[in-house]
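As structure tokens, the structure follows; a few thoughts come after it.
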Amino acid sequence: MTQRHDGKARYCAESFGPRPGSNEVRKLFWHMRQKVPLHKNNTIFCKHSLVCPVQAAWVLIALGWIFIPVYISANVVTMPEYLAKRFGGQRIGIYMAVLSLILYIFTKISTDIFSGALFIQVSLGWDLYLSTGILLLVTAVYTVAGGLAAVIYTDALQTVIMVGGAFALMFIAFSKVGWYEGLVDLYMSAVPSVTIANTTCHLPRSDAFRMLRNPVSGDLPWPGLVFGLTVLSTWVWCTDQVIVQRSLSAKSLSHAKAGSVLGGYLKLLPMFFIVMPGMISRALFPDEVGCVDPEVCQSVCGASIGCSNIAYPKLVVELMPVGLRGLMLAVILAALMSSLTSIFNSSSTLFTLDLYHKARPKASERELMIVGRVFILVLVCVSLLWIPVIQTANSGQLFDYIQSVTSFLAPPITAVFLMAIFWPRANEQGAFWGLMTGLVVGLIRMVLEFFYHAPSCGQPESRPAILADVHYLYFSLILLALTCLVIAAVSLATAPIPKEHLHRLTWWSRYSQEPRIDLTGPPIFPDPVDSASDSDRLPDSCWRRAALWLCGLTGPNSGSAPPVTENNELNSLQEDPIWRRVCNVNALLLLSVNVFLWGYMA
């Protein structure tokens, strides 16, 4: 097995900070933290929200047992790099990097910023945009200055804080309503005092406590949840740089699998920590959380379309004592800042290695580090401009907004990775035109979605049939199938990729020992950080030292020596037999629990 790119690995280590030492628990926390975001944006008060965390367990197992072995055998650092090796050429890798950054802005960064600012606004009564500025300032300080090392250490601590705080709120909330039986009775009778005449939108849904809903009339139809959401989950957990980079930094393949299993277990917690407390909030505060009158909603949360997004912070403010209230504020902000720092670092990696470095192949490591940090600031600015759109999209429900935008843009990515890994006949022409077709169709639906808003309570349906009758989760399935058909048709109509270029790049050839001839040229590594002589250097003024620290360069010679790193066994697919069995048994146990939950709560 060939070794991982030393130059690229060195850049990542120097620009984003060294990994922690060999502490297995710390690394598992690092994997686990990103795999259990606790659905902080989930304020749709019904059991269908459980599908996301419960379903994620299956995709997490696929990540550890199917996708990661292929990425390891391919010897890649980023997901666009894998596609470049698999198909050759530059256009697919560039397209993937750009699209991933767009998705980060529209579905990750902007929603995280909005969620955190909303929580501060509800908890402390501050202005939404002032809260946004404070949240970004705190996050930027330890992200830009600390890099990935700061993210890892804070993630491990924040995971403990989040689970403990969420458990405390869950206990208080359930005791307030009389536990599960009391919740059912109280929720179904929770009606706001101000309603709109001749409408039923103020009434709780009759199927609120059912996870699988009517395939035609359901707000989230069960075929879309089971199959359409799997398409989106595969993109998130198996092909997204934010997630995959954690598993690729594991100590060994068994370690990566263990992180997936542990994350799968933790993904079972949001049902009790987030979903049901959200339902309790709707039951206890129907006039605020469940408001339907636009004037009332505007006065409550500043959004006339609905106030469901304030459910969790409202519960914290109203139920928890002062000390625990501060703890929960720390919990939510820890979750949001942790997600933001992870996305910032992943986005910076994608931009510098897959876009900027291709445009400037001789850029020094110092230049790449500075560009990566400046790019984080650009991402933040663009995301802030998108926040007003989020406030009114998808009836004001963040969960629906995130899933819908992902349904328009992510299925082509899922299709390309599935075809690349499992169908050796897929070639560059097929993958590219499949992506282009999926992008055009997805963008058309996305533009229509933002142009024609869903009718609010009491308003008639005026959207085109493609929006009103085709749920976005059904659309994701259609888009996946269309992209796969285009990839297959174009690939079969053009020349195949010779086998000598595919060794260790597909599922079927991951153990191949044959030498591979890469379709891409040899990698061009960054030049040394600074080749100037000591006599040419500027004096180390206070301002210059501060600027170097902010950009991750503690001094003029800080990047001239490679960091000391431990031996990483992830360059090989070999596993210790004992730990392989432990991971396999735990994976089977996790899936068994998952099947039970599906059967019990469907």
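In case you wondered, yes, glycine gets a Cβ from its N, Cα and C as well.
Database features, via TrEMBL:
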type	residues	note
TRANSMEM	57-80	transmembrane segment
TRANSMEM	92-109	transmembrane segment
TRANSMEM	129-153	transmembrane segment
TRANSMEM	160-179	transmembrane segment
TRANSMEM	220-238	transmembrane segment
TRANSMEM	259-280	transmembrane segment
TRANSMEM	327-356	transmembrane segment
TRANSMEM	368-389	transmembrane segment
TRANSMEM	401-423	transmembrane segment
TRANSMEM	430-452	transmembrane segment
TRANSMEM	472-495	transmembrane segment
TRANSMEM	582-601	transmembrane segment
Fill in: Stretch in 92-109, 327-356, 582-601 most in contact with the transmembrane segment (160-179), if contact is a CB pair under 8 A
327-356
Discussion item. If I count Cβ-Cβ pairs under 8 A between the transmembrane segment (220-238) and each of 92-109, 401-423, 430-452, which range comes out on top?
Written reply: 401-423
Fill in: Residues of the parent chain within Cβ reach of the transmembrane segment (430-452), under 8 Å, 6 or more residues beyond its termini
83, 87, 89, 91-92, 95-96, 99, 389, 393, 404-405, 408-409, 411-413, 415-416, 419-420, 462-464, 466-467, 472, 475, 479, 482-484, 486-492, 494
Worksheet item: Do the transmembrane segment (582-601) and the transmembrane segment (259-280) come together with 3 or more C-beta pairs under 8 Å, pairs six or more apart in sequence?
Response: yes
Discussion item. Need a quick answer: max count of Cβ pairs under 8 Å to the transmembrane segment (259-280), which of 57-80, 327-356, 472-495 is it?
Written reply: 57-80
Discussion item. Within the same chain, where does the transmembrane segment (92-109) have neighbours whose Cβ lies under 8 angstroms from its own Cβ atoms, ignoring anything closer than 6 residues to its ends? I mean 6 or more beyond.
Written reply: 78-81, 83-84, 240-242, 339-340, 343-344, 346-347, 350-351, 354-355, 358, 379-380, 382-383, 386, 402, 405-406, 409-410, 413, 416, 428, 431-432, 435, 439
Discussion item. Can you work out which residues elsewhere in the same chain, 6+ from the ends of the transmembrane segment (401-423), have a Cβ less than 8 Å from its Cβ atoms?
Written reply: 41, 66-67, 70, 79, 82-83, 86-87, 92, 96, 99-100, 102-103, 106-107, 111, 228-229, 231-232, 234-236, 238-239, 390, 393-394, 430-431, 434-435, 437-439, 442-443, 445-446, 449, 472-473, 475-477, 479-480, 483-484, 487-488, 505-508
Discussion item. Restricting to CB pairs under 8 Å, which listed stretch, 57-80, 327-356, 472-495, is in contact most with the transmembrane segment (368-389)?
Written reply: 327-356
